[in-house]
Amino acid sequence: MTDEQEKSQAEPVRVGVLGARGRMGVEVCKAVDAAPDMDLVAMIDQGDWLFNASDAGAEVVVDFTTPDVVMDNLHWCIDQGISAVVGTTGFTEQRLERVRGWLARKPGVGVLIAPNFGIGAVLMMQFAARAARHFESVEIIEQHHPRKLDAPSGTATHTARLIATARAEAGLGPVPDATKDEVPGARGAEIDGVRVHAVRATGLVAHQEVLFGTTGETLTIRHDSYDRASFMPGVLLAVRAVRHRPGLTVGLDALLD
Ligand SMILES: NC(=O)C1=CN([C@@H]2O[C@H](COP(=O)(O)OP(=O)(O)OC[C@H]3O[C@@H](n4cnc5c(N)ncnc54)[C@H](O)[C@@H]3O)[C@@H](O)[C@H]2O)C=CC1
Ligand SMILES: O=C(O)C1=N[C@H](C(=O)O)C[C@H](O)C1
């Protein structure tokens, strides 16, 4: 263990939260505040000065903001030498590549970006990726609260990509579908050849079903977050780990093994 790692195990991690007044930000501030090995040193929302985080000595910043501001936030954190845990959606492969480029100039900094911090959701995605090669049909149905700004969800997009990769590796062709879309959108969006349907309804938090089909049988893999507290064990796990993982980590999977 390096001197730096020994020191960081003894002293609380100094954490700043971006998007602190949002639905997730409020929950993250509560969880960090309650964690004995963390100090909540900065709570920043729209209109606040980002330098409040560096002035307060934040070692890790947690970002739950919006896809249109997260790249600027992340660039700033990396420039300041602050590691980051990011739950905000909108990360395309091009965006991830830009983050890798910024990190290449700051070798000690770690960034962990996860489409979903729910442990059950991570397992749901892993199970879906595992099942994918055994079924000729697959569709994803994600369901969220109606104040969510983006569709489809980051989780659904990530799941579709995992499934598409597994199908390609198994040599499966396109999902069979003779239906003509009489009304545009009736068959949902298509991500890497996988149909994704986004449902929005009051009362929901974050839910996803992956429906697989083959001759004579279907398999449904479903995950439900009923409360944003469900994301907090994953967020805290990432905060504890991120400074010891220089470079970019995508997803929580590596931390659960
Ligand atoms: N990875 C995961 O496990 C999860 C990811 N999310 C994602 O996290 C993001 C936030 O979700 P919610 O909290 O529901 O949204 P929200 O709309 O309640 O919160 C976003 C907050 O960010 C603030 N904000 C906007 N621009 C900012 C800036 N430049 N600097 C600092 N703060 C700024 C807003 O004022 C707002 O308070 C979304 O992209 C959502 O999809 C949500 C839940 C779980
Ligand atoms: O906005 C949300 O609420 C959520 N966003 C993430 C996503 O888009 O996948 C994670 C979770 O589904 C909740």
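A Cβ is built for glycine as well, from the same backbone N, Cα and C atoms used for every other residue.
The active site, proton donor/acceptor annotation in TrEMBL covers His144. According to DSSP, His144 (active site, proton donor/acceptor) is assigned to a strand segment.
Around Lys148 (active site, proton donor), the same-chain residues at least 6 positions away in sequence with a Cβ under 8 Å from its Cβ are Arg200. Residues or ranges marked as active site, proton donor in TrEMBL: Lys148.
What TrEMBL lists as NAD(+) binding site is Gly19, Ala20, Arg21, Gly22, Arg23, Met24, Asp45, Gly87, Thr88, Thr89, Ala114, Pro115, Asn116, Phe117. Neighbour count (other Cβ atoms within 10 Å of the Cβ, all protein chains): 25 for Thr88 (NAD(+) binding site).
The number of other Cβ atoms within 10 Å of the Cβ belonging to His145 ((S)-2,3,4,5-tetrahydrodipicolinate binding site), over all protein chains shown, comes to 14. Look at TrEMBL and you will find His145, Gly154, Thr155 tagged as (S)-2,3,4,5-tetrahydrodipicolinate binding site.
Residues or ranges marked as domain 'Dihydrodipicolinate reductase N-terminal' by TrEMBL: 13-117. Restricting the average to the domain 'Dihydrodipicolinate reductase N-terminal' (13-117) gives a pLDDT of 97.
Per TrEMBL, domain 'Dihydrodipicolinate reductase C-terminal' is recorded for 120-255.
Among the binding-site residues Arg21, Arg23, Thr155, residues whose Cβ is positioned under 6 Å from ligand 1 are identified as Arg21, Arg23.
Within 8 A of the CB centroid of the (S)-2,3,4,5-tetrahydrodipicolinate site residues His145, Gly154, Thr155, the other residues of that chain are Thr89, Pro115, Asn116, Glu142, His144, Lys148, Asp150, Ser153, Ala156, Ala206, Gln208. The Cα atom of Thr88 (NAD(+) binding site) lies nearest to that of Gly154, taking the recorded positions His144, His145, Gly154, Thr155 as the candidates.
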